[in-house]
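**Student:** Sharing a structure, written as structure tokens. Questions coming.
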Amino acid sequence: MIINTELEYKGDLFPSKIVSYTQEVDSIFFNTDNNVILKVTVLRDSMIRFRFTTKGYFSNDFSYAIDKSQSHGYNNLEVSEEKDHFKIKTSKVSVIVQKHDLRVGIYDLDGKTILEDEIGFHWEENYEYGGNIVKMSKVSRDGESFYGLGDKATHLNLKGKRLENWATDQYAFSKDQEPLYKVVPFYIGLHDDVSYGVFFDNTFRSYFDFAHERKNVTSFWADGGEMNYYFIYGPKMSDVVKTYTHLTGKPELPPLWTLGYHQCKWSYYPESKVKEITGKFRELQIPCDAIYLDIDYMEGFRCFTWSKEYFPDPKRMVAELAKDGFKTVVIIDPGIKIDKDYWVYKEGLEKDYFCKRADGPYMKGKVWPGDCNFPDYTNPEVREWWAGLFKELVSEIGVKGVWNDMNEPAVMEVPTKTFPLDVRHNYDGNNCSHRKAHNVYGTQMARATYEGIKRFAYPKRPFVITRSAYSGAQRYTSSWTGDNVATWEHLWIANIQMQRMSMSGMGFTGSDIGGFAEQPSAELYARWIQLGVFHPFCRTHSSGHHGEQEPWSFGDEVIDITRKFVELRYQLLPYLYTMFWQYVNDGVPMLKPLVYFDQEDKQTHYRTDEFIFGNQILVCPILEPNALGRRMYLPQGNWYNYWTQEVVKGKRELWVATDFDQIPLFVKEGAIIPKYPIQQYVGELEIVDLSLEVFYKLGKEKSHVYEDAQDGYDYNKGRYSYKTFSLNGKDKELIIQQHKEGDFETLYKTIKISLIGLPFKIKEIEIDNEKVSFESVSYDGNCCITVDKDFTELHLIG
Ligand code: GLC
């Protein structure tokens with residue numbers, strides 16, 4: 001690991017004074033007399049890009065992270081020259097660039113500092129490789145907090161930490177271990193109630209130091225490439241996250257079944273074993289939608305082949321599983337076995353699609369199949385070829401999803417665990433070495449896989465899961481957090497990783513429930529499933545080397561707990577799908593750490609355990625053995641304890657007692673939570689009515705429900721239904737108004753409303769301003785009312 005020490009600062013170079021500047025539409029170029037150019041581009045009033053070169057000109061502007069379809073535009077842009085600085089002003093912020101040393105400061109319109117350079121941009125020439133090690137240092141203030149950076153197994157608040165970005169196969173990683181599988185060089189700063197973001201879009205090995213080395217300095221640097229970062233102004237953290245997600249892109253809606261429960265193990269084989277597992281799910285009535293085949297389904301670990309011995313007729317098996325509601329997902333790794341009789345290898349060789357070393361030979365490395373060559377997914381032609389390879393798997397055999405693993409890329413039996421740095425890559429026509437392509441290799445593989453599945457699954461939606469990823473990968477794929485361990489500490493890590501991934505734009509993520517390495521105790525597995533059902537991606541996976549890890553491997557009590565929580569997830573599918581829709585449309589993270597929920601409450605800045613699932617459900621896992629409850633922090637507002645229906649006032653720490661088959665769950669007062677009936681898999685039942693659980697509040701609250709055909713692309717043509725329910729509670733009245741967008745018609749005709757916490761006895765019911773009889777809405781005098789799904793206003797009078 002190369003760490004810059006004070007000594008190395010001796011080699012640092014700095015910009016000198018500005019000698020000229022020019023403006024081209026939204027970009028202002030500042031030229032120094034030592035050939036440095038700073039290009040400041042205003043993308044939005046609240047998003048500004050800073051790009052530096054030390055060569056006197058810029059190289060081709062290319063990024064895998066940025067979503068090309070995103071829209072830009074600002075309301076105001078003024079550039080002015082003062083005695084010692086230039087000022088760029090938008091309708092949200094002003095940027096000051098110092099004339100004598102190119103240092104930058106960013107301020108809000110009241111002049112309050114948001115982010116200021118300490119040394120600012122500086123660099124060190126890299127004599128070994130050419131180019132520069134590019135560096136940036138910013139002033140870090142007392143009380144400032146830092147979040148983001150994707151997949152880090154450490155405290156949610158990154159203050160005081162140094163972190164490294166280099167995609168790494170980190171088997172059985174430990175707390176604070178660096179680096180891990182994914183690279184998201186984006187952080188959020190929070191100081192004095194103002195949030196801002198920095199996205200350092202540089203794919204070389206990079207580092208972030210949040211007041212670790214020097215108390216008042218935040219710095220980031222990379223082993224090569226450009227100093228190229230995007231500054232995003234909040235002031236709310238939600239604005240920062242949404243803007244970042246907009247910049248790096250949002251996924252398509254996944255098919256609804258992918259939000260169900262998935263079962264995986266290394267490996268389920270032969271076919272009879274797979275059937276035994278799926279059969280047991282149905283027998284025990286534990287809902288499950290997906291079954292995974294790990295590497296042993298292949299013939300000698302050759303991708304796109306099937307073991308004839310274990311899976312003699314995959315098409316029939318996949319169809320039989322599908323009949324029972326199971327979607328088959330198979331693993332595909334990047335290493336292609338060197339075998340002259342293997343069609344994929346032959347094609348790759350003939351077309352010259354494998355990565356090469358600097359001097360010409362193919363990059364050779366050991367992975368599961370033995371010696372392999374590796375496709376260069378940064379070459380668009382290779383991606384196209386790779387996509388085509390999925391034809392048989394998807395179109396003919398009927399596989400519904402693909403799991404991309406080992407794509408850091410991982411290489412066995414070498415100390416670096418990956419390719420040598422001299423390996424060459426196409427990088428979409430910007431030829432480069434592995435130093436630059438390493439961190440995006442996995443994303444480009446997942447992208448090619450996604451293109452293939454999308455092509456052959458059409459008109460259904462594709463599903464891909466990846467282990468390695470760079471910013472922007474969310475456009476193509478979901479992900480999981482790699483080879484974790486069956487320990488309580490890892491349960492704590494998983495909880496934080498998922499919150500962090502969510503606020504780093506890559507929300508469709510889960511951990512291996514129960515832990516991949518080693519064997520969980522019954523209690524640990526139960527606690528993990530209780531958390532896992534509240535993660536966007538929900539899959540049990542294990543290495544299978546230490547014992548069984550199916551829900552029934554831990555005795556009857558755990559079977560019941562698993563069933564109870566997985567059933568709850570299936571009931572909450574419309575709520576989960578609505579969360580996903582808000583992520584896809586507005587970049588809203590599906591999981592929200594407490595600091596995201598209320599950044600003004602300083603108590604939230606160092607909270608790690610509690611998070612908001614969607615907008616209105618607060619989840620707090622139990623992370624210790626033998627705990628029948630825990631201390632936790634409830635943020636502002638009033639909350640219903642989900643289990644007792646007791647209303648609890650927030651903005652305070654409290655003890656919450658729970659039984660072993662519960663974890664602290666709270667619902668925001670005023671929330672309307674949609675539920676479907678329990679199904680063993682998505683689509684098992686025809687939904688005859690939608691349930692709405694209404695948590696009474698004195699005051700107003702809005703809730704939403706998104707629905708569509710649950711798969712396919714009709715939703716893009718307006719065939720979706722996005723309902724807003726506005727609740728208004730008074731002393732002796734409750735009004736619920738419904739507003740619908742989109743022209744999808746749900747099959748069900750009625751909505752079943754359950755009233756929770758209603759403080760009065762209903763004397764009269766009006767629907768759309770007309771009084772109705774209790775019988776006509778099946779009101780039982782207790783809690784439930786059944787109404788036509790298209791009501792506009794429901795008025796309950798006490
Ligand atoms: C890697 C993956 C793991 C998988 C195993 C075998 O360790 O992270 O999920 O089961 O390889 O394919």
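Keep in mind that glycine also has a Cβ here, set from the backbone N, Cα and C atoms.
Quick paste from TrEMBL:
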| type | residues | note |
| --- | --- | --- |
| DOMAIN | 38-209 | domain 'Glycoside hydrolase family 31 N-terminal' |
| DOMAIN | 251-579 | domain 'Glycoside hydrolase family 31 TIM barrel' |
| DOMAIN | 587-673 | domain 'Glycosyl hydrolase family 31 C-terminal' |
| DOMAIN | 690-757 | domain 'DUF5110' |
**Student:** What are the DSSP helix, strand and coil residue counts for the domain 'Glycosyl hydrolase family 31 C-terminal' (587-673)?
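**Tutor:** Counts, helix then strand then coil: 7 helix, 32 strand, 48 coil.
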**Student:** Using DSSP, break the domain 'DUF5110' (690-757) down into helix, strand and coil residues and give each count.
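**Tutor:** Split into helix, strand and coil, the domain 'DUF5110' (690-757) gives 4 helix, 41 strand, 23 coil.
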**Student:** Restricting attention to the domain 'DUF5110' (690-757), give the mean pLDDT.
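**Tutor:** Across the residues of the domain 'DUF5110' (690-757) the model's pLDDT averages 98 on the 0 to 100 scale.
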